[in-house]
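Worksheet: the structure to be examined is printed underneath.
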């Protein structure tokens, strides 16, 4: 009887030992699984934050471009590309200007005013040519305005070079107002459709990248939950 009881106790001890080993293995697997899930969740959270940050940055860039470049592009009336022929180019007078010489320091100077009159080939009108849209805003009497500086002779030399270039190339493309409200044309558009496209391209790529990151993380989470449900059903 003693021998039988001892054998039974030894057998029970072995079974308990096996159960403890299996339990330890199972606990170890569960711990590894929890660590993996925690690491994946942390990585997913970082990816979502990155995607949201990219979308917020792109929205801010859209806003800044909208109040600067896009508004100027929409307000520009010189939208029709045309051909201009030079009629007259001359330096008419000088205007006063001011330039910065340091923090809280401004000095007065002068710049020569270059006037260029052209013939618009499509209508035959005699119109004043401006370098860009901003030239008209600075001084409506001048076609080209050099940068205001301390050296007037340098500004005069630059304007003379521009004048000689016009005399050398008397036929050139320009931009006019198709509705005819502006009795002037411009030589170069600061806010063309090409400039607008390149300015909006990178914010759009950033927005698309942010949306793609968030969508991929959400899709991964959905597929993970779906696989877990399928495993539970199969059990």
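Backbone N, Cα and C atoms are what each Cβ position is placed from, and that goes for glycine too.
Model, not experiment: these values are computed from the prediction.
Listed features, source Swiss-Prot:
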CARBOHYD  88  N-linked glycosylation site
CARBOHYD  96  N-linked glycosylation site
CARBOHYD  119  N-linked glycosylation site
REGION    1-45  region 'Ball and chain'
TOPO_DOM  1-46  topological domain 'Cytoplasmic'
TOPO_DOM  68-194  topological domain 'Extracellular'
TOPO_DOM  216-235  topological domain 'Cytoplasmic'
TRANSMEM  47-67  transmembrane segment
TRANSMEM  195-215  transmembrane segment
*Find, among the glycosylation sites listed as 88, 96, 119, the one whose Cβ has the highest number of other Cβ atoms within 10 Å in the structure shown.*
119
*Which bits of the chain, at least 6 residues beyond where the transmembrane segment (195-215) starts or stops, bring a Cβ under 8 A of a Cβ in it?*
47-48, 50-55, 57-59, 61-62, 65, 69-70, 73, 189
_Inter-residue Cα distance where the pair is residue 96 (N-linked glycosylation site) and residue 88 (N-linked glycosylation site), in Å_ = 24
*In Å, rounded, how far does the Cα of residue 119 (N-linked glycosylation site) sit from the Cα of residue 96 (N-linked glycosylation site)?*
30
*For the topological domain 'Cytoplasmic' (216-235), give the DSSP counts of helix residues, strand residues and coil residues.*
19 helix, 0 strand, 1 coil
